[in-house]
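Student: Below: one structure in structure tokens.
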Amino acid sequence: MPIAQNKLFLTTAICLSVFTHNAFSANIFVVDQGAMLSTNNQNLTQDLSLDYGTSYQPSKEIKLPNSTTKVKLQQYFHDVPVFGMSLVVSKNKAGKYSEAKGLAANNFNNNSQLTTPSISKEEAISIAMNAQTNSAYSVGVKKEVDDPQVKLWVYFDSNNKEHLVYIINYLQIKDQKITRPFSIVDAHNKVVLKQWNGLTTQKMGTGPGGNLKTGRYEYGTDKPFLDIKKIGDKCYMESKHVKTVNMAGRFTKPKPDDEAYNFPCVNKYRNTYKETNGAFSPVNDAHYFGDVIFGMYGYWLNLQPLPFQLVMNVHYNMYPGPENAWWDGKTMNFGDGGDDLFYPFVGLDVAAHEISHGFTEMNSNLEYSGESGGMNEAFSDMAGEAAKYYSQGYNDWLLGIDITKSYGPLRYMKNPRLDGCSVSNYEDYVNFDSSEKPQCSSWNDFGKLNVHYISGIYNRAFYNLATTEGWDTPKAFVTFAIANILYWQPNSTMKSGACGVINAARDMHYNSEAVISAFSNVGLACNSDESSKS
């Protein structure tokens with residue numbers, strides 16, 4: 001049911017029809033008010049009054065560890081969601097809202113056709129695919145396309161002009177290569193406004209685990225038993241939260257009905273499959289790590305990282321290749337590594353990193369490009385260190401150190417610059433010169449810093465916060481995770497994202513000055529005009 005909202009902060013703007021692509025724009029403004037609203041979501045329209053046709057609907061409700069209930073309200077315009085516009089409110093036992101914070105838009109184009117698309121979803125998919133064929137994200141023509149996802153949005157360009165758009169993504173496979181293109185297609189004039197590749201990279205069972213670097217350990221002795229399922233005389237690598245599939249090095253895509261890896265277990269429950277590339281049983285490790293990561297999110301945040309069972313595809317060497325691990329939007333995939341550089345990519349922090357891309361996708365859905373892409377990568381790096389703390393009780397701040405053979409970690413959380421490309425201060429990102437470090441550029445947006453290296457800014461901020469007196473890794477991770485759930489938007493900037501983390505700390509009644517200091521040390525400040533643009 002539509003719920004009208006009011007202009008909590010009023011500035012003047014004029015907006016004409018979107019179809020003429022005029023020079024005028026909508027008004028995007030910060031909402032930050034603490035007064036108690038008089039009612040709940042059902043008749044909020046009596047209290048607030050934004051543009052006619054504007055409404056809010058709950059998109060997320062969580063109970064924080066301190067028992068505060070927070071609700072994220074998505075803005076709609078004539079029943080179409082508005083990209084990047086949402087409010088976070090506190091809800092009391094009577095269902096009343098207070099402490100509204102976020103970003104809202106008004107002075108929309110009042111043309112009745114704005115939210116009625118001129119092209120179908122099918123036509124938009126075709127436009128996106130044709131554009132991808134000639135783009136940097138393409139892996140060739142006549143691609144195999146899997147399960148296109150299409151959603152209609154009201155979207156603002158860099159000049160705050162409204163566009164009715166389809167946001168489209170799908171998996172595409174060609175010549176044993178897999179990518180996940182995203183496109184934003186104008187639903188009226190068919191223009192592709194933006195493109196990016198969203199493929200994110202990187203209790204009774206016993207058996208071996210580990211690799212030559214970590215040393216061999218035994219599940220059921222050195223570590224807890226593996227949570228498996230016994231049916232008849234077979235044991236299946238499947239628990240309530242995790243299903244582990246043996247891809248056996250194949251170069252075909254996983255299928256939803258792929259069976260969990262199983263082994264004979266008439267009298268014992270020991271799996272020894274299989275030793276490869278210096279690792280003793282990547283299948284065992286992947287299955288165990290998946291359950292550890294679900295346990296961490298459940299224990300610290302009282303929620304699951306994903307709303308569905310996690311599928312861990314092991315020994316999967318399809319592009320982006322055996323020396324990688326990646327989240328494809330539905331499943332977690334691990335390559336077998338290589339002769340010189342990597343053991344199989346089944347490490348606890350690597351698994352937590354990739355699974356947490358799924359968490360981000362289900363919550364803030366940060367775009368995997370530019371500053372938001374750096375935040376996306378950084379949150380996953382934080383999750384990797386958080387999982388190590390949850391499992392081991394300490395951090396080494398070295399991401400991926402357990403899977404590399406002949407050199408250091410994939411990234412350094414304490415001093416990101418040590419990898420030769422990452423930046424640890426926002427000013428360094430702004431001043432990045434690709435001519436000086438071409439190897440650090442994004443492969444699909446050459447000239448701009450790769451998102452894995454932009455992540456160094458937030459990685460260092462996380463390290464600063466977690467090592468501050470009165471803080472630790474769990475406390476810091478919970479704060480960033482709540483910001484991801486409630487305050488970050490798909491197109492958040494690093495500055496506005498910092499504001500979201502500060503708001504999350506205040507929600508938890510944590511010392512927000514420590515958060516401000518952690519970000520200040522990497523060149524980020526939450527200004528008044530950014531305070532809710534998370």
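Yeah, the Cβs are placed from backbone N, Cα and C, and that goes for glycine too.
Sequence annotations record features per position, and here TrEMBL assigns signal peptide to 1-25. Marked as domain 'FTP' by TrEMBL: 55-98. Annotated domain 'Peptidase M4' per TrEMBL: 213-361, in sequence order. Residues annotated as active site in TrEMBL: Glu354. Annotated domain 'Peptidase M4 C-terminal' per TrEMBL: 364-523, in sequence order. TrEMBL lists His452 with the feature active site, proton donor.
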Student: How many helix, strand and coil residues does the domain 'Peptidase M4' (213-361) contain under DSSP?
Tutor: 34 helix, 36 strand, 79 coil
Student: What same-chain residues, at least 6 away in sequence, bring their CB to under 8 Å of the CB of the residue listed as 'active site, proton donor'?
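Tutor: Listed in sequence order, they are Glu377, Arg411, Cys421, Ser422.
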Student: Count the Cβ atoms, other than its own, that fall within 10 Å of the Cβ of the residue listed as 'active site', considering every protein chain shown.
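Tutor: The residue listed as 'active site' is surrounded by 27 other Cβ atoms within 10 Å.
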Student: Per DSSP, what is the residue count of the domain 'FTP' (55-98) in each of helix, strand and coil?
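Tutor: Its residues divide into 0 helix, 32 strand, 12 coil.
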Student: Report the mean pLDDT of the predicted model across the domain 'Peptidase M4' (213-361), rounded to a whole number.
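Tutor: Here the mean pLDDT over the domain 'Peptidase M4' (213-361) amounts to 92.
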